[in-house]
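> One structure is given below, represented as structure tokens, and several questions about it will come after.
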Amino acid sequence: MKMCRLFLQLCLGLTLLSGLAKPDIDPLQDYCIADTKSPLYLNGAPCLNPTLAHSSHFTTSALAKAGDTKANQFGFSVTLTTLANLPGINTMGLTMARVDIAADGLVPPHSHPRASEVTICLQGVILVGFVDTSNRLFTQKLEPGDSFVFPRGLIHFLYNMEPKKPALAISGLSSQNPGAQIASRAAFVSNPPIPEVVLEKAFQISHQDVAKIRKNLGG
């Protein structure tokens, strides 16, 4: 009897886990325009009354303007569609991103915990790549019109190979809220900081190296 209960608990746990591991839930209606003024905090956003829907809710010019690639030391800028600039995207399970990369600039190794990503190069020559869980690197040089897919959750990067010209890419991500975590910043400038001894052992570096990297990353 006890084994039966344990088995049932295990089955229930696996069922719940499989549900939690699903991507964004499917909408139950044609659309759910985000009511950005609602005080409710939900997994997504409350829906605006469908009778108030307008074409403007489904369009945005947020990606039309180039981002400021001088805003960080890596030389890149990412502009996203959000519920604020495109409320009609609520519950659709996708995000669009404009990626501007300065000459010789880099979108450093990072991951999106909740989304896969497909990127198309529109301008310049971009070296892209990702590393799988076997530490195998997949990389490709993209020219205008070329596309590349980054699997969900895997570390990936984009590097502008042009030494004097900026690059531009557009990405589609398979989540309304894909999340983004830059590997180097997560390791060295977290808040509160990861203990130095952990970083020294993990990266096989010295105390001085940790301090220097943290300083370089703005920590």
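In case you wondered, yes, glycine gets a Cβ from its N, Cα and C as well.
Pulled these features from TrEMBL for this protein:
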type     : residues               : note
SIGNAL   : 1-21                   : signal peptide
DISULFID : C32-C47                : disulfide bond
DOMAIN   : 61-211                 : domain 'Cupin type-1'
BINDING  : H110, H112, E117, H156 : Mn(2+) binding site
BINDING  : H112, E117             : oxalate binding site
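Describe the structural context of each listed feature in the structure shown, including burial, neighbouring residues and relevant distances.
In the shown protein chains, 21 other C-beta atoms lie within 10 A of the C-beta of C32 (disulfide bond).
This prediction places the mean pLDDT of the domain 'Cupin type-1' (61-211) at 97.
The C-beta environment of H110 (Mn(2+) binding site), restricted to residues of the same chain at least 6 apart in sequence and closer than 8 Å, consists of I155, H156, F157, A180, Q181, I182, A183.
Residue density at H112 (Mn(2+) binding site): 24 other Cβ atoms are found within 10 A of its Cβ, drawing on all protein chains shown.
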> Around the Mn(2+) site formed by H110, H112, E117, H156, list the extra residues of the same chain whose Cβ is within 8 Å of the site's Cβ centroid.
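Neighbours found: S111, A115, F130, F150, L154, I155, P178, A180.
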